[in-house]
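Here's what TrEMBL has on this protein:
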- 259-349: domain 'Transglutaminase-like' (DOMAIN)
- C267: active site (ACT_SITE)
- H323: active site (ACT_SITE)
- D346: active site (ACT_SITE)
- N386, D388, E435, E440: Ca(2+) binding site (BINDING)
Amino acid sequence: MIERVDLVCGVNNVEHHTELNGVDRLVVRRGQPFTMTLHLRPGTAFKLGASINLIATTGPEPSEVMDTAIKFGLNKFISPARWSATAELKSESAVSLTVCSHPAAPIGLYQLALDQGTGVSLCQFVLLFNPWCKRDSVYMVKEAERQEYVLSQDGLIYRGKPKCISELLWTFGQFEPGILNICLKVLDQSLKHLQDPIQDCSDRRSPVYITRVLSAMINSEDDKGVLVGNWSGNYEHGIRPTAWKDSGSILRQWYNQKCRAVEYGQCWVFAAVACTVSRALGIPCRVVTNYGSAHDTNSNLVIERYYNKFAEDISDDAIWNFHVWVESWMTRPDLQLGYEGWQASDPTPQETSDGVFCCGPVPVRAIKEGDLSAKYDAPFVYAEVNADVVEYAILDDGSTVKIDSSTTEVGQCISTKAVGRDEREDITHLYKYPEGSEEERQVFEKANHQNRLIQNEEEPGLKLKIKVNPSMMVGSDFDVYAQVKNNTDSKKSFRLTFYAQAVTYNGKLGETCGLTVLTGTNLAPAEGRVKAVLRLQYSMYGKAIAQEQMVRLVALLIDKETKEFHRATKTIVLDSPSIDILIQGDPKVGQPIMVEVMLQNPLPELLENCVFSLQGANLTDSTATSNEVGSVGPKELATAELEFTPMVSGRRKLVIDFNSDKLSSIQNFKNLVIEE
C-alpha cells in the first residue's frame, strides 16, 4: 500500500526546535503536531475513515496499560491534550498525515505504525520534552529563557571564591552529532531501567523522574554511570578534571568504551554533563555555583570544625570553597502548589539517597522556606546553603573550647550565567532570605535546627584580620599580612601563628608553603596594633598548589592572659595570565579562518609541553583543534596559529585553552557572528 514515507525532517525539526540535531531523522517535541507525506504504491487507494488506526510504541515491551503503546484513530482536528492524527489526500498517490503526541507522553525512541488490518511501519522518531508547549510540565514562558536554558550549546561555569570569581567557558554541545543517542543510552543504563525497563519507560513521562535518574547516572558510584569522581590529586590513569572543557568528549568516551565510566570528574564536570543531557532531552537546565558550600555529614545543619594545637582542621564536616550543581525547570505535581519552577539536583556523589548516590530534584523555593519535608533531599541541600558554622579548639587535655561561630559563612554569591549575556547572575535570594534578617532566622528555626548558635555580641579584646594585595600573579613572590588590633584599655600579650597552606576547591588541605610566628608580642592599650608579614615565594608554593591555584591563609592568636583563641582565615586564588585572541578575517560558513593566539609565561622557569587548543559548538567537528608550541622560557611569549571552519551561521563562541606541564587550564573566549 505505502511505497515510501517522507518525514519532511527539514520542516518538522525546525518547527520543533530540533534542527541542530540534524535533519536526517525525525526529532520532535511532545504536545506539538508534525506532518509527513505517505506516497502510495501505484494502483492503491488510501481510504479515510474510522477503520484506520495508528499505533505509537516505545520501550522494550510496549503496553497500553503503561502508556507505552498508544492506539489512536484519525480525527477531523488535532487535539492538543492527547495522541491524535488527521489525514488529507494531496493527490491520488500522496497522503498528508499529521500526528500530535500527548503533552505528557513518555519521552524516548518511538515506532509509528499504520493499522489497516495489518500493521504497516511508517517511521521511527525521537520524542522530547517541550518547553514551548503550555501543557508540558517543562513549559517556560519566555523565549529568551528557552534559548538560554534549552538551545544554548555553551555557557559559563563559575569557580574560585566570592571575592575572586573565575569563569570557565563550557561547551555543552547537546546538539552535536550522536549526543542525543548517547543521552538516551544513559537512561537505558540506569539501575531503574535495568531492574524494571517497562516501568522505567513509562515513568519517563516525568521530568522529576528523569532528573533524579540523571543525578544518579552522571556519577558511577552505584551503576554504569558516566564519570568517576576523583579529589585525590592523582589522575595517573585518566584525565584530570580541570582538563575537560566540553561534555561531548566525556559522553562519547563513555559510549565508545561500552558504558564504562570516564576518569575523572569533579563537581563542575558532573554538573556540566548533567546540564548537557537535560537540555538534549528538552528539560530547561542551568549550572549553579554555591560559594562556601557546606557538606553536613551528620545532618544536624551545623558545620562543626575542630582544630588541634597546630591549628590543623581535623573535622568530618567540610565547607567547600565552591560547589556546583544544576537546576532544572518543571512543575511538581507531587508537591504543594508554589513549588514549581527551578529544582536543584546534584550529580556529584556525596551522600546516598534511597540507597543510591544521587541528590534531588528539590524545589529551590522549598529550600528558601526551610521546608525539609519536600522531596527530594531537602535537608542536605538546605545545609549546603544555610548551615551555621561553629569552631572549636582542642586543648592538650582533650577538652574543647569554642573559638568562633558564624551564620553567614555558608551559602554566598550563588551564581549562574545570565540569560542572553556573558555575565554572572547572583541568585542567592532564590535560596535564602538576606543573612541576618528576621525571615532568615525564622526559616532556620522552621528547619527544626535544635542547636542554633547564640551570637556573642561582646567585642573581643583582640581583633585579628588577614589582608592581601589586589594582584597576586602565579609565579611571583608577594606578601600577605595578619593584623592584630587591641581594643581594650589594658596592655595585651599574645602569640600569633600565621601560615599558608595549599588547598583544593573542596577544602582539602595540602602542603604548608609559608609560616611566620610572633611570640611574646605586647600591644599597647586602646587601638594598639601590630602587623605580621608572611612572604609567599613561588619556590615554596609552586610545588604545593593544585591546579585551582588556591592558597589558604590561617592566623591563630592566643591571648596569654585570658587564654582566649582568635582565628582568621582567607582563601586566595592566584591570578593566571590571559590569552590574547586575534581573528584574521570575517568568519563565514564553510570557509577556513586563522586565529592567532598569544600568552606570556609568568613563571620564573621553563614551561614544557605547551599546547594551545581551539573548540566551539559548530565551529569544529566535535574535537578540539590543537597546536603544540613546545617549550616557552621564563617571561617569554607563547604564540600559535589555529584554523577552524565554521559549520553553522549565527552567534557562536570560540574557546581557546592553554595547557603545559606547570601551567594549565587557562582559557579565554571570543564571541563571533558567523555569516552565511
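Placed from the backbone N, Cα and C atoms, the Cβ positions cover glycine too.
Annotations in TrEMBL come from automatic prediction, not curation.
Using Cα positions, the member of the active-site residues C267, H323, D346 nearest to E435 (Ca(2+) binding site) is identified as H323. Shown are the binding-site residues D388, E440; of these, the residue with the fewest other Cβ atoms within 10 Å is E440. When the CA atoms are compared, the recorded positions lying within 10 A of D346 (active site) are C267, out of the candidates C267, N386, D388, E440. Counting only residues at least six positions away in the same chain, the Cβ atoms of C267, T289, N290, S293, T348, E384, N506 sit under 8 Å from the Cβ of H323 (active site). Over all protein chains present, the Cβ of N386 (Ca(2+) binding site) has 24 other Cβ atoms lying within 10 Å. The recorded positions listed here are D346, E435; among them, D346 has the most other Cβ atoms within 10 Å of its own Cβ. Taken as a whole, the domain 'Transglutaminase-like' (259-349) shows an average pLDDT of 91 in this prediction. Within 10 Å of the Cβ of C267 (active site) there are 27 other Cβ atoms, across all protein chains.
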